[in-house]
Structure formats: structure tokens, C-alpha cells
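Just dropping this structure here.
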Amino acid sequence: MVINPDNYGLRLFVRYLVLCLIALIFIFPLVFMINSSFKPDSQLLADTSSLRAFLPVGDISLDNYFGAFQRAPVGLFVFNSVLVTGMTVVLSLLICSLAAFSFTFLRWKGRDVMLSIVIATLIIPFEIIAIPLLLLVSKLPWIGLNGLELGWLNTYRVQIIPWIADGLTIFLFVQYFKGLPGELIEASRVEGASWWQVYYRVVMPLSGPVLATAAILKFLVMYNQYLWPLIVVQQENHRPVMVGLGYFFQLNVAWGEVMAYLTLITVPVLIFYLFLQRAFIASIASTGVKG
Amino acid sequence: MAEVSFKGVKKSYGRVDVVKGVDIHINDGEFVVFIGPSGCGKSTLLRMIAGLEDITEGTLEIGGRVVNELQPKERGVAMVFQSYAIFPHMTVRENMAFGLTIAGASKPEKEQKVAEAARILQMEHLLDRRPSQLSGGQRQRVAIGRAITRKPAVFLFDEPLSNLDAALRMDMRMEIGRLRRQLGATMIYVTHDQVEAMTLADRIVVLKDGEVMQIGAPMELYHEPANRFVAGFLGAPSMNFLIVDILDLDGEAATVGNQSLEPIRVATRSRPFRKGGKAILGIRPQYLREAPSGKGMLHGTVALAERLGSETVVDLMLRDDRELIAAFDEDKIFEPGDALELIFDTALAHLFPEDG
């Protein structure tokens, strides 16, 4: 079939067709997961060879969900993950944007070298520093409610603090800040703003898009944490969702319960994404200004 | 008191000197325009006053106080930028009150000062809009309004009208002139537009390659340029420069001429010349008049004639194949190839040494 390049309607149709196909590829596993979470294992396994796997048909019930809650403290795991992820995202946006602000707008000796080093850390895989980091945090002191303690293992802070600052987030902010009109910063300086005031009154309100991007990326990294919490948290009360998945693969695997658990732990991700998507669009709308 | 004084001020970026020892004194309440071609250092000087550029050498005083090491906010200046630099996430009202908010002013004080500035700039109806809902001219008025509300000792304008179209530029120029009379503050204005410089300034500072070429009132610079650069930079069309031979030299005047120019006597204005040497004769196109045949001082043929209605600008090819522009303040008809003889008042001509 020859497509007439002038035929706008047809081109639009083809475009949407391709988009829908791509969307389907991404949505199939999700649909399979949700449908399977309502099916008993026997039916779930039988359905995998047909399209029924993607349809809520057959023996539908909430049994898997009850089973999942009996097998593992799902609520606690979700709470732990949301707490660790939320705290890290908020602190990361604050610390990394401040660092990037300094790298972009302030003049200090060694600034460019320091920025190069920060960006260079992007190429180091976490697996390489995991063990040295583990040795470090296992001996780090902490002053808490119980006075001075040694070692951070089995805490929330060990899952949060090492992840707050990272090269990628700082780099994202630096790139965005460099794109802001320099005269806006200079104007606020001449108007009497301190650097701190420039940061929170001018730069941050104009940084909606990069805040949303950095938040989404950080959220996904943190919510999907597996290796680090696996080695630093040995007790159940601080364990996050991904490590919690291990509870479902001991002895007899109940696939329906696995699917129910996965469905439950996906909910916070969807809520976060939908929330940020709105913020993202709003921020773009308010910054579309050019002199 | 808001005098501004540059004393031996230099600015270098590494080995490149962009400002090479500048001495300028600006009086309280004066409107001074810095003018010059791109890269002459005019914006750098302005940014030094604002505190946005460090000073490599020399001292800068505002109101008798050395401000070299002071932060922008400690200098009592306000600046209007070429790109307006108004905050897109704030309303006009918030933009105008920004400096006051930073200074911790009370809400009634902010309201009153913003209202006053809005009244002066006739933009009361725009206060709740966002910058994206304003035209270029309105945005520039917001930027000016933001400067006014703080009542600074010195206003700095960095090519504020460059981004506006011609008609709006004229309106805003007149508005800045009016504002200046109303506020009476010291104003320093950077531009490369000589019309803005000539119409707004009490004094003009002409800069070239980081050095001051001349400082003076607009008409002083126009009629008595200190050198060939100033002479050529101010005035449109720009001054004609002819290479002439110095035929005779006596005291205050020289007799000069060349192949196209009959010998004339021109005042040397104490500039050094050598008999038998070359010099540059400057004549403004507006001072040239048509002469009856055989009575002209300059001889050439018309290459191109532009009729502008109130004025006719003629591009003339002289006998020695050099170009000359003549501007007649009436509508005249010339055809390319017409022979033309011109005369001028030699008292209005300028003689410059060959090296400038």
C-alpha cells in the first residue's frame, strides 16, 4: 500500500496505530499481572497458553490477596518502601538542586574540577561500591534517641542517606539551571536577593520540569531497590517491598499470591506517577515565557 | 547623593583587557549615556556599577563610597535589562514588588509603592497579569516599574529598547525621558543607538575598545568631536572622511585640497599636522549644498540618489574614485551619472590627523 503523504487522516491513523501497538506491548504484562492476581494457581497456569490470561474470566476471587497478607507483612513493606523512597526523593531534590545551584551560579575555586568528578561518578556501577559502602555504614556512628550508636545496619537511614546525592540528579539540575536566562539571576541579585533567596524565590519556582523529572527517576530507583536493602537490612521491620518479594519464593511458590503482591506494590508507583504528571504539565505551562 | 565615579577602572578576562583604565565622573541626577560599537566595554562598565562584574583595577564610587567589594544589594542601584528579565512565575504586581519583598517591606508599603509606580507607568490595569500575557513594551515597563519601586539612587539601563520594534522604541524612549524628569535620579544608560543617546543624554560617553573616546553633551560631541571615531560614530548618515593633502599650514588653520577638492582653509583645532603631509577632512553630509556649475569646492558624479520625501541622500563618486554622501533637506531629483558640484561652510568641517 502506498501512503499518500498529503493524506493527513491516513497518516494520523497509522501514527495512532503504531502508538497503540507500542502501548499494548507495555500494558500486556500489567494486565496479565492484575488478572492473574484474582485467579487460583491451577487456572492461572492453564490460562497462560491462551488469551484468557489477559481477561478476568473463570474462578475470580480475592483469595490471593488474603493469602499474600498472610504470607508476608505487605502493609509494612509498602510503608517502609514509601517512607524510604519519599524521604530520599525529597532530600535528594533539595540537596542535589542546592549542589547544582552552587555548580552553576556561584564562583568558587575548583568548581569545574569538582563538577567533573561528580559527573564521572555516573560511570561507576553501584555493585562495585556496595561492599565498601556496607563496611562504611556498618561502623558509622549515629546520635539518635538512644544516644550514641555505632553502625547503621537495620535502619531506615541506611537505606536513605547513601542515596540522597547522586551524580545523575546533580547533572540533570546543572543542565537545566544552565538553560535558565542568566539575566533573571542577575536581576534578582541587583534587586537585593541573597543567593539563598535567588535559589528559593527565582530558580526553584522555575524548575518544575527538572524537579518532576528528577523526582520520577529517583522514585523508580529507590522503589526498586533490592541489592542494597538485602545486604543492610536483616530484620523484617525495615525491609522494603522488593526484598519482601523473597517471602513468596520460599518452598512452594503460589503464583497467584505473587501476582497479588506485585499488584499491591505497584499501586504507590501509579499514584506517584499520576500525581507528578499533573505537576509536570502545570510547571511547563507556567514557565513558557520568553522575553 | 548619588554621584558615580570611575577612577582608573580596568577590567580583564585573563589576558584580554576589556576596559583599559576609565575615568568618568557622573553627577547626581545626571542622565549619562554610554555609547559605542559592540565589544567597546559599555555594558561591562554598567555591570560593574551594578556589582555583576568584578573590577580588576581602580576604584568605583557611588555616592562618595567605594563600592568595589560591595554586593549588588548594598549599592543602592536598580537595573533594567535588555531582555527585561522579569520573573515569569510572578504576576506584574509581584514582579514590581520583588525588591521590596526581599527587603522585608510591609504589605501596605508594597501596595502603595507598586501602585505609585504603576500609575507613573500607566499600567494599573496590568498588575494581576503574568508576563506571558504582556507585549514586549509592557514587559519592559514592568522591568522599569520594578526598578522604580525601590527608589534607588542610581538607575542602570542596559540597552532596554533593543528588543522592541521601531515604533514602540520611540514611545518608550519618550517615556524614559519623561520618567527621568519625574524621578530626578541619576541614570546611566547603555545603547548602541545614537538617536537614544542624542535625545536622552545630558552627557554622552563614547567608548571604543575599552577606552573613553570623548565625554560631553550631545551637541558638543556632534559639533566638536575629539577624534575621527567620535565624528564618524555620531550622526546619520555618518560623516564623510576625505584624504587630503596639507598644502599650507599657518597657526590655527591649514590649507588642504586634493584631486576632487579645491584648496580650502580649515581650522586645525590645535591638532598636530605637517605641511606636505596627509590629513583626513571630515564633512557631515547635511552640511553639503549644491553649487552652481564652476563654483563648487567638491566635484563628482551621482552614483545613487535616495528620495526620502523630506530629504534626499545622494551617493556621489568623486574624481579620485572615492565615495561621498550628501544629504539635502528637500526633495531633489538626480539621475545616476549627473555631474554635481558641492560647497560647504569650511568652519563646520573638521581636520583630523591621518592616524585618527
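Each residue, glycine too, has its Cβ placed from N, Cα and C.
What TrEMBL says about a protein is an automatic prediction, not a curated fact.
Reproduced below are the annotations present in TrEMBL:
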type     : residues  : note
DOMAIN   : A:78-276  : domain 'ABC transmembrane type-1'
TRANSMEM : A:12-34   : transmembrane segment
TRANSMEM : A:74-101  : transmembrane segment
TRANSMEM : A:113-136 : transmembrane segment
TRANSMEM : A:156-177 : transmembrane segment
TRANSMEM : A:198-221 : transmembrane segment
TRANSMEM : A:258-276 : transmembrane segment
Hey, does the transmembrane segment (A:113-136) touch the transmembrane segment (A:156-177), meaning at least 3 C-beta pairs closer than 8 angstroms, sequence gap 6 or more?
yes
What parts of the chain pack near the transmembrane segment (A:12-34), using Cβ distances under 8 Å and only residues at least 6 beyond its ends?
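Distal contacts: 3, 53-54, 259, 262-263, 266.
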When you scan the chain for residues with a C-beta under 8 Å from the transmembrane segment (A:258-276), skipping those not six or more beyond its ends, what do you find?
30, 33-34, 36-37, 44, 64-65, 67-68, 72, 74, 77-78, 81-82, 85, 212, 215-216, 219-220, 223, 241, 244-245, 248-249
